[in-house]
């Protein structure tokens, strides 16, 4: 296929790199972040401390490139940054007192519960350098201010966060009694700037919160998803393949007011785009599909007829399919426009929006006793003829690695034991493979972040969107990936590249 735009991720606000002359340095007091910022403008950093020995001689210590070897010392206690990188679980095992002392030793004044302190230290270790923590201090302070309001119960967070990070300038302002409303307004502006519009309309995240491991109980070996480093090289042009994108758009009309489907197509050069939760009525389809993209002539839409402006799925393709079907053939399941299937030469592609169990789990029984088995049986019937690819919002975080707060969501729709077991028995035990987990067994990557608590800014999310494939073609999957930098919905797109 001719690539219109080399796919990949644009990097925003790359962290400043610092040069270090020694692998050890002593900090007797909090690092003045204003001084660090001024030094960064000169592309070098010298931290000066005063000896407490007789005569008061001044000792200058400078920093060099190998920041992973930094050891912070304070009052003869040492903090080995590299040891935290090698074993992140050490941070979780620290006491509150140890966490506070460690954060202060690198210039961060931290107050709050243990969880907030752990997140702060994890972010510092992830960034590796003293200089880059300046951005993290400001970013995390803004996030904590936003989280001071109660977090959405759906994410299992019921208490307001208390951790605050103050630079020397802001500590002085606090002492002098500056207007708190003015400070709050500035923080709000910083939060809003974390999403920017690309010039052609695709909404992209300005920073990369998904690259910092965010999980209530991370296990040893888990790492954060970083598409810039984890996506493999593209296949050669002479390798026959297909590239599929899937996205729950949470209302296509609203999305298109500030989004360019053309730009996304140029950036990713996909062959097929699967959409869920379009929320269209049948009368709207013609107008919408004519405003999408040139070159994608084959479009198939299904809308809810039992509840207007609800659910809805679509497949948009530049490859002509052999056949198309809507629904699973059971009227009880097909009135909400939840499934489109297209047949190609080498596989069947099913685009599905699985019913949410809903508030109070009122649809849980329908979901696990009727919908999941019906869809699974339909897939197995198709598989008798050729391999099957299932994609879409499956409304289930299968494992604890797939959700930020597993303990707090045991009774939440999408993470109940019943739904997770149904996912296992309906799909995985029947031979279908979760391609992202196959490619990234220990990677924490989310595809959904709730709007109400700004989860995307802090990467408090769920992995609800999947590509499942028949076991017979699992080894042909070249890439299964997430596009967390694409905004516009509470879900982000996911992608699959399959060799044919």
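Note: Cβ is positioned from N, Cα and C throughout, glycine not excepted.
All TrEMBL annotations are machine predictions without curation.
Per TrEMBL, the features are as follows:
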type	residues	note
DOMAIN	91-125	domain 'SAP'
REGION	142-192	region 'Disordered'
BINDING	248, 277, 393, 395, 490, 491	Mg(2+) binding site
ACT_SITE	353	active site
ACT_SITE	393	active site, proton donor/acceptor
SITE	395	site 'Transition state stabilizer'
SITE	465	site 'Important for catalytic activity'
ACT_SITE	491	active site, proton acceptor
SITE	491	site 'Interaction with DNA substrate'
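Checked against residue 465 (site 'Important for catalytic activity') by C-alpha proximity, the binding-site residues 277, 393, 395, 490 yield 393 as the nearest. When the alpha carbons of residue 393 (Mg(2+) binding site) and the residue listed as 'active site' are compared, the span between them is 5 angstrom. Over the domain 'SAP' (91-125), the average per-residue pLDDT in this prediction is 79.
The local packing around residue 248 (Mg(2+) binding site), expressed as other Cβ atoms within 10 Å of its Cβ over all shown chains, amounts to 25.
The residue listed as 'active site' is 8 Å away from residue 395 (Mg(2+) binding site) when you measure Cα to Cα. Across the structure, residue 277 (Mg(2+) binding site) and residue 353 (active site) place their CA atoms 7 angstrom apart. Sequence-ordered, the extra residues of this chain that approach the Mg(2+) site, with Cβ no more than 8 Å from the Cβ center of 248, 277, 393, 395, 490, 491, are 250, 276, 353, 448, 464, 465, 489. Annotation: 393 carries the greatest number of neighbouring Cβ atoms among the binding-site residues 277, 393, 490 [cut-off 10 Å, Cβ to Cβ]. Sequence-distant contacts of residue 353 (active site), defined by Cβ-Cβ distance under 8 angstroms and a gap of at least six in the same chain, are 248, 276, 277, 311, 312, 313, 338, 339, 392, 393.
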